[in-house]
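Enquirer: Here it is: the structure, laid out below.
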Amino acid sequence: MFKSKAPPSKEAAGAPPAAAATEVEMASYPAGMVTTPIPRLTWRSAVMGVFVSMGGFLFGYDTGQISGILEMEDFKRRFGEPSRKDYMFSNVRAGLIVALLSVGTLIGALIAGPLADRVGRKWSISFWCGILSAGIIVQITSEEPRWYQVAIGRWVTGLGVGSLSLLVPLYQGESAPRHIRGALVRYAVSLYVSANYHKLTCPLTTSTYQLFITLGIFIANCINYGTEARPDSSSWRIPMGVTFIWAAILGFGIIFFPETPRYDYRHNRIEKAKRTMMKLNGVPENHEKLHEEFNEIKRQHEEDQLTKDQPWYQIFFAPTMRSRLLLGITLQAFQQLTGANYFFYYGTFVFRGAGLSNSYVTQMILGAVNFVATFIGLYNIEHFGRRKSLIGGALWMFVCFIIYASVGHFVLNRDEPALTPGAGKVMVAFSCLFIVGFACTWGPMVWAIIAELYPSRYRATAMAMATASNWLWNFLLAFFTPFIVGDIDFLYGFVFAGCLIIAAALVYFGVIEGAGRTLEEIDLMYHLHVKPWKSSKYVIPPSFQRNGDSNGENGTSAPASQSQPAELAT
């Protein structure tokens with residue numbers, strides 16, 4: 001599908017491209033340099049963006065299925081503990097089954113990067129799909145009373161999910177044309193990008209990764225609803241087994257896609273990198289914009305080569321990096337402390353406690369709202385930017401949790417919820433409104449900010465640390481939520497409401513607006529200590545032009561360069 005028909009370049013294999021495009025080199029193109037507009041979206045880049053986003057679907061599907069499975073009668077009978085009326089899960093057992101996935105994702109997100117640097121992006125994606133499938137096999141073959149086998153299987157599955165949460169946005173970011181690259185990453189819930197991102201202008205592909213996450217959650221809710229009434233183990237084995245389909249589609253399908261051009265360039269496969277870029281951009285070899293982007297890849301690679309032997313802990317001593325690391329880590333923590341996974345992981349249990357006759361239907365409603373609200377997020381980020389969206393979203397969710405918790409604690413009859421049906425309906429309504437706020441703002445946008453926050457030479461390490469914070473808090477909330485709810489019931493919502501106020505303040509005082517700016521401009525603004533609340537209107541001084549990235553050693557900025565774009569081929 002992606003095999004190139006482009007003529008071979010005159011450049012020697014493995015040789016770096018020329019540093020500048022001279023008049024003699026320009027003359028080597030009979031028609032000269034092409035300056036026509038780049039196609040907004042080619043079919044190849046569209047297929048790449050949508051197909052690879054299947055990794056997001058896997059992430060969402062695993063997130064959405066566990067809430068319903070924990071409430072299935074056969075699953076509780078096999079792996080739960082006997083109670084006075086039926087079977088149930090203790091807080092420890094339920095917490096471990098849910099939370100060990102997060103432990104696996106944390107480890108997977110940390111170890112997937114080095115492997116991807118060694119064997120490539122696409123082969124790493126295929127490998128981790130296999131690991132994910134192995135975890136599903138461990139879960140689906142569990143027999144009573146081995147509940148711990150389910151928990152261990154979820155840990156193994158988490159290794160695959162966490163790795164894909166890194167690799168899919170990384171693959172998209174290193175492959176997508178520059179004018180849609182930021183849009184693809186903007187909605188990557190999980191997030192690692194090693195390339196330079198430029199103007200974020202194309203809303204068409206913005207939704208691919210995050211949209212697939214929300215779609216995965218919704219499909220899991222629907223399958224749970226369709227199987228929960230079955231009297232045997234197929235009620236929970238079918239939802240688990242369906243995961244094989246999604247993993248096989250991504251794991252085998254990715255083999256037929258090209259490696260990312262940036263990975264190929266860093267491994268001296270320069271001709272292959274050029275052909276891939278030509279196909280994905282839909283432009284000829286002598287297109288000016290293609291040469292400019294290739295020059296940026298070359299410049300970034302040269303800078304990375306200068307610092308490749310530095311120890312990883314050098315990141316803590318580079319200018320502005322400590323504060324930016326802290327910002328990324330706290331943003332990821334507060335994304336979890338919004339409380340969204342309280343509904344995604346334990347929604348079926350929560351709504352059954354609120355007196356709803358079929359909590360699986362409620363989960364489907366929440367999943368559908370989450371999916372549809374992702375489209376609303378397209379409008380938000382294009383028209384309001386990151387700061388306004390995140391602050392507004394935090395305040396919106398704050399109000400929702402205040403009402404939800406107040407009704408649940410002070411109005412709902414928790415012993416006989418059927419006596420207060422109106423309270424349950426109000427709680428469901430404000431749960432849906434909360435999900436709208438999360439899906440439009442904090443769900444996708446935190447990952448966008450993390451992808452923009454760090455210079456290229458430190459990006460992989462810094463993003464790994466920030467993402468580890470996300471998965472750590474994911475685990476803590478997943479494990480301790482049953483205990484907390486057991487002690488303070490729906491007052492738990494006030495805890496999340498307080499965290500949302502702090503999160504809004506963090507964004508106001510710490511996050512620089514990155515909408516419509518290149519990564520180099522954002523990096524420069526952090527080096528110049530631009531006030532975040534003034535950043536949306538800040539104008540970059542014309543005397544500054546970043547040389548591909550921030551100077552991680554001295555924090556200085558290079559003056560505007562007079563050099564021309566490097567040639568792709570001579």
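Here the Cβ of each residue, glycine as well, is placed from N, Cα and C on the backbone.
Checked TrEMBL, it gives:
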| type | residues | note |
| --- | --- | --- |
| TRANSMEM | 41-61 | transmembrane segment |
| DOMAIN | 48-515 | domain 'Major facilitator superfamily (MFS) profile' |
| TRANSMEM | 94-116 | transmembrane segment |
| TRANSMEM | 123-140 | transmembrane segment |
| TRANSMEM | 152-171 | transmembrane segment |
| TRANSMEM | 208-226 | transmembrane segment |
| TRANSMEM | 238-257 | transmembrane segment |
| TRANSMEM | 325-348 | transmembrane segment |
| TRANSMEM | 360-381 | transmembrane segment |
| TRANSMEM | 393-412 | transmembrane segment |
| TRANSMEM | 427-450 | transmembrane segment |
| TRANSMEM | 462-484 | transmembrane segment |
| TRANSMEM | 490-511 | transmembrane segment |
| REGION | 542-570 | region 'Disordered' |
| COMPBIAS | 544-570 | compositional bias 'Polar residues' |
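Give me the lay of the land around each of these features.
Expert: In the predicted structure, the domain 'Major facilitator superfamily (MFS) profile' (48-515) carries a mean pLDDT of 83.
Here the transmembrane segment (208-226) has Cβ contacts under 8 Å with residues 49-50, 53-65, 67-69, 72, 168-169, 172, 184-185, 187-189, 238-239, 242, 246, 344, 348, 360-361, 363-364, 366-368, 370-371, 373-375, 377, 439, 443-444 of the same chain, all six or more residues outside its ends.
A Cβ distance under 8 Å defines the sequence-distant neighbours of the transmembrane segment (238-257), meaning residues of its chain 6+ beyond its ends; these are 1-2, 48, 51-52, 54-55, 57-58, 61-62, 65, 68-69, 122, 125-126, 129-130, 132-133, 136, 139-140, 157, 160, 164, 216, 220, 223-224, 227, 230.
Under 8 Å from some Cβ of the transmembrane segment (360-381) lie the Cβ atoms of residues 64, 67-68, 71, 186-187, 203, 206-207, 210-211, 214-215, 217-218, 220-222, 224-225, 228, 343, 347-348, 351, 389, 428, 431-432, 435-436, 438-441, 443-445, 448, 515, all in the same chain and six or more residues away from its ends.
Residues of the same chain lying 6 or more positions beyond the ends of the transmembrane segment (393-412) and with a Cβ under 8 Å from any Cβ of it are 338-339, 354-355, 420, 423-424, 426-427, 430-431, 433-434, 436-438, 440-442, 445, 489-494, 496-497, 500-501, 503-504, 507.
Sequence-distant contacts of the transmembrane segment (427-450) (same chain, six or more residues past either end, CB-CB distance under 8 Å): 169, 182, 185-191, 210, 214, 328, 331-332, 334-335, 338-340, 343, 347, 351, 354, 356, 362, 365-366, 369-371, 373-374, 376-377, 380-381, 386, 389-390, 392-394, 396-397, 400-401, 403-404, 407-408, 412, 463, 466-467, 490, 503, 511, 514.
Using a Cβ-Cβ cut-off under 8 Å and counting only residues 6 or more beyond its ends in the same chain, the transmembrane segment (490-511) has close neighbours at 327, 330-331, 334, 337-339, 342, 386-387, 390-391, 394-395, 397-398, 401-402, 404-405, 407-409, 412, 427, 442, 449, 481, 484, 532-533.
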